[in-house]
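Report on the structure given below.
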Amino acid sequence: MYPVDLHMHTVASTHAYSTLHDYIAEAKRKGIKLFAITDHGPDMADAPHYWHFVNMRIWPRLVDGVGILRGIESNIKNIEGEIDCSGPMLTSLDLIIAGFHEPVFPPQDRDTHTQAMIAAMASGKVHMISHPGNPKFPVDIPAIAEAAARYQVALEINNSSFISSRVGSEDNCRAIAAAVRDAGGWVALGSDSHTAFTLGEFTECRKILDAVDFPEERILNVSPRRLLNFLESRGMPAIPEFADL
């Protein structure tokens with residue numbers, strides 16, 4: 001089990017079913033030390049208002065030894081790599097994920113998807129790309145992995161892609177893991193939980209990584225400190241409350 005989970009949704013995204021408190025309780029039960037709440041960006045139909053994201057400042061950083069990161073799963077909106085996270089949202093959040101979602105960016109062709117994803121990474125706003133192995137959004141995998149390494153953006157291996165969403169992602173995700181390995185980049189594991197019961201569940205991710213002999217030293221979830229060092233290297237201010245995580 002990894003002690004960090006970087007992708008989950010609360011009832012603020014109304015197709016999800018758990019609260020912040022639910023996730024804290026489950027993290028304590030499972031031994032998760034650090035997690036990020038990453039509700040959908042405002043351009044999704046059932047996403048929270050941007051006030052939800054800027055008001056995360058009222059959350060405690062640490063509850064009963066569990067660290068909480070303030071995040072978003074933003075939407076890549078166009079071929080220029082624009083995301084629905086800007087202004088005060090950018091400065092209020094610790095972790096900015098970006099990905100393709102059909103209601104915001106209808107599937108197009110491989111070159112368009114690749115150009116848009118690389119542009120989002122090149123913007124400097126994004127720390128992590130969500131479910132890049134989605135077969136509905138094919139990309140040039142070597143080009144994406146090389147760009148992610150160049151811009152220091154993690155590519156996600158998303159556990160729910162192998163269970164309940166994005167059917168047919170396995171081959172793409174194995175290829176992505178191998179390409180990230182060869183490019184010297186980072187992978188991030190996300191449960192993509194829409195209920196707290198699946199927090200920290202990475203069983204299927206582990207199978208993908210094992211299949212390509214992915215190096216443990218390039219997985220951000222191995223420890224809170226590794227993840228925090230990565231975010232700090234990307235400009236996130238150090239968070240004193242997390243010093244002992």
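Every residue gets a Cβ built from N, Cα and C, even glycine.
In Swiss-Prot, the Zn(2+) 3 site is described by HIS101, HIS131, and among GLU73, GLU80, GLU170 the residue recorded at this site is GLU73. Site annotation for Zn(2+) 2 in Swiss-Prot covers HIS40, HIS194, and the matching candidate from HIS7, HIS15, HIS21, HIS127 is HIS15. Among the candidates ASP171, ASP182, ASP192, ASP210, the one that Swiss-Prot lists alongside HIS7, HIS9, GLU73 as binding Zn(2+) 1 is ASP192. Taking Cβ-Cβ distances under 8 Å and a sequence separation of 6 or more, the neighbours of HIS101 (Zn(2+) 3 binding site) in its chain are HIS40, MET44, ASN75. Within the same chain, the residues at least 6 positions away from HIS15 (Zn(2+) 2 binding site) whose Cβ sits under 8 Å from its Cβ are HIS9, ASP46, HIS194, listed in sequence order.
HIS7 (Zn(2+) 1 binding site) sits 10 Å from HIS131 (Zn(2+) 3 binding site), taking the C-alpha atoms as the reference points. Each residue contributes its Cα atom, and for HIS131 (Zn(2+) 3 binding site) and ASP192 (Zn(2+) 1 binding site) those atoms are 9 Å apart.
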